[in-house]
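What follows is a set of notes on a single structure, which appears directly below.
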Amino acid sequence: MSAYTTGDAVTVPQVPVGETFELVINWLRANLSALFDLIGEVIGTSVRTLSDFLSEPSATQLTLLGCAIIAVGLATRGRARAVTVAVAAYLALYLVEALTGVLASVIGSLPGGLFYWAMELFDAGYVFPPLVLTLVLLVALLSIAAQRQWAPAGVVALAWLLVLVGQHILGVQFELFAVLIFAALAILISGWRLAVFTVLGFLLIISMDRWLEAMSTLALVLVATGLAVAIAIPIGILAAYSNRVSAVLKPILDFMQTMPAFVYLIPAIAFFGVGQVPGVIATIVFAMPPGVRLTELGIRQVDQELVEAGEAFGAPNMQILRGIQLPLALTTIMAGINQVIMLSLSMVVIAGMVGAGGLGNVVYSGIARADVVLGFEGGVAVVILAIFLDRLTASVTRFSPAARAKRMTVG
Amino acid sequence: MTEEETVPAVRADRLYKVFGKEGPRAVDLLSDGRHRDEISELNVTAAVIDVTFDVEPGEIFVVMGLSGSGKSTLIRMLNGLLEPTSGVVEIDGTDITTLPSNQLRRLRSQHVSMVFQHFALFPHRTVLENAAYGLEVSKTPRAERREKAYHALGLVGLEGWENHVPEQLSGGMKQRVGLARALTAETDIILMDEAFSALDPLIRRDMQTQLLELQASLGKTVVFITHDLNEAMLLGDRICMLRDGRVAQIGTAEEILNAPADSYVANFVEDVDRSRVLTAASVMLPPSEGLDSSVAPVHPDTTLANLFHRASRSPAPLPVVDDSGRLVGELDGSALLAALAPNGGEAGGAGVSGTGTTVTAEPGRPVSKEGGRP
């Protein structure tokens, strides 16, 4: 280069773009490391917990899942107060137990023969206090449901029992039950077509022996998507309300989306080390923009006369947002969330490069070793997950108030 | 209009709305009498210029004007959705232009509700939830607001549709929901922004009749915006004619028909079906001696359209007798016919045909402006 530089050539001064960026990162690392540690800890724990839960849930976690389904079902059917009381009592007891171990000593003082036989069901040789508490909660919720004669609670409880019996007494591996649970989700939200696909696709993942990696990836995608959506929707709402915010945001979102995704990994590693956390962070940055854009679009698209009607009847802005704008924008916002999930999945392989594990790791090893079998199987598993999540989130809009109203028109 | 003690339900005093950065300067120029097209160099849009009126409680006050005359802007200033550039709006004696936003919201939810041209029903809520919206905003208990919404939906004839969604309703029914939503809010004032303009003529007719019945039984104050003069004449106790943002004339339908303030108004009222507006009282002659008392009398409020048949059959003039049984006038076929001519009645033979009236003043701007506001 210097060979061509003559004395009178016009030289453009070098702007230290990259160096400045590095300085900023170093400054942040030096001054805000506690914050980043906290963020990293929270994200890491949630990914790990979710991933464990998806691949090999404990009896307590399974019981909690059953409780959660029944609690949500009851709460939406006008029993919110009773459910809140039960859950609050559970949390209080749980806290007391964690702090004092009262329950453990009570159980310890009782003759063991009373319940050791029952522990077979939960594959435990000893009595685990949190499990006992959760079982009590389940019984409490079931009795509330019985009052209401809400049959699905019984179905959930039966399914829960079957899973435990199958897993710990008959010795069926949990993967097969998980497939059934995913298929049930597919039937409830989308329909039988997706359920059939789910059973076949997930069985294929099991037969390729990629179940653990797939669940780890699913956990990573779910955590990243959840965080990205939690950040994107408020920003999108702000952008819909203010033209100035929208104008400032547009180039930033463009930047976030077009910057090669690999680049995010470098500072992410600097802040959080290798592992799942930088993978999640890079995924959030890369996948968030459509969530913001479509939230803004959805809210701006709501008929201005409806907003005016809300104002004309004296509704405060917050009530107009909650009661009019968000419900009517929900379909568009869900399309944005769907896009966020798809982009998150596309980041999985890249995240695998920084040790995020899961299917990304499988594919990346396939590349590194030029192993076609490994790479292709990992890729197929990603595709199955992608189709499952895509169809599932696309169907969620069926439950939006606007879509329900439209169905009433047809029916 | 002469009761001086009562506070007007709505009062607009020298109201201006000028969109654009130079609003205040434009107001100065406009208040000197300039036309809004003469201040185009300020790059502003003058929508409402120097509008002053009072609406009495229980009155239907119609604001009538063509598109672009500023009527939608005007109505949105009456409930504070738009802030006036200058001037005062009073609701039940309270100046709303200076209210902070939370008090303004409370005033809207308690005193002023609104019916929209394109209904503005919430598509994701049932008819009942739509009707109950105003009370939901004012945090009325659920059971009470449901009961009141049921009642209002019954008043507008929508029993049995409570659990449908707006999509399932026809245009006329949607606007009934809009009306029920305004009634449920239990405000004393209802603003109606071209409420019936999007409806089919037959349904519009139904709705107009229903509005008159409801107003007669509930005594709400209604400010009604329309571009349809026949509608204005039918509904309005008084009519405010807007032209290019300014008031051209305020008066009862008969005053506007019989004494248009300028050639613009005169041109406008030319095509009105006068027989549906004018009443026996406004065209009758003083009772003459020896009126045939065997002819069945008519009421002074009967519109001419309902008199033609009888006048043509009756050989003698029809006696006009008021509620107390007093003979107040008489009517014959020739009086009826004379009243139908534009500017007929007291104007004698001044304007026999439509073209005749426009000769005196071309509808060009300078002439009518001078005629409009002296």
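Every residue gets a Cβ built from N, Cα and C, even glycine.
Curation plays no part in TrEMBL annotations; they are all automatic predictions.
Only residues 6 or more beyond the boundaries of the transmembrane segment (A:58-76), in the same chain, are considered here, and those with a CB under 8 A from a CB of the stretch are 82-84, 86-87, 121-124, 128, 130-131, 134-135, 137-138, 141-142, 144-145, 148, 150, 152-153, 156-157, 159-160, 163-164, 168. The transmembrane segment feature in TrEMBL is assigned to A:58-76 (among others).
Feature annotation from TrEMBL assigns transmembrane segment to A:83-107 (among others).
Sequence annotations record features per position, and here TrEMBL assigns transmembrane segment to A:127-146 (among others). Sequence-distant neighbours of the transmembrane segment (A:127-146) (same chain, 6+ residues past either end, Cβ-Cβ under 8 Å): 59-60, 63-64, 66-67, 70-71, 73-74, 79, 82-83, 86-87, 89-90, 93-94, 97, 101, 103-104, 107, 112, 115-116, 119, 153-154, 157, 160.
The annotation transmembrane segment is assigned in TrEMBL to A:153-170 (among others).
Annotation comment: TrEMBL describes A:176-206 (among others) as transmembrane segment.
The domain 'ABC transmembrane type-1' feature in TrEMBL is assigned to A:214-393.
Per TrEMBL, transmembrane segment is recorded for A:218-241 (among others).
The annotation transmembrane segment is assigned in TrEMBL to A:261-287 (among others).
Per TrEMBL, the feature transmembrane segment maps to A:328-354 (among others).
Per TrEMBL, transmembrane segment is recorded for A:366-389 (among others).
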Counting Cβ pairs closer than 8 Å, which of A:83-107, A:176-206, A:328-354 has the most of them with the transmembrane segment (A:366-389)? A:176-206
Same chain, outside the transmembrane segment (A:153-170) by at least 6, Cβ under 8 Å from its Cβ: which residues? 59, 62-63, 65-66, 69-70, 73-74, 120-123, 138, 141-142, 145-146, 177, 184
Should anything in the same chain at least six residues away from the transmembrane segment (A:218-241) have a Cβ under 8 Å from its Cβ atoms, list it; otherwise answer none. 43, 46-48, 50-51, 53-54, 249, 276, 279-280, 283-284, 287-289, 291-296, 298-300, 321, 325, 333, 336-337, 340-341, 344-345, 347-348, 351, 356-358, 385, 389
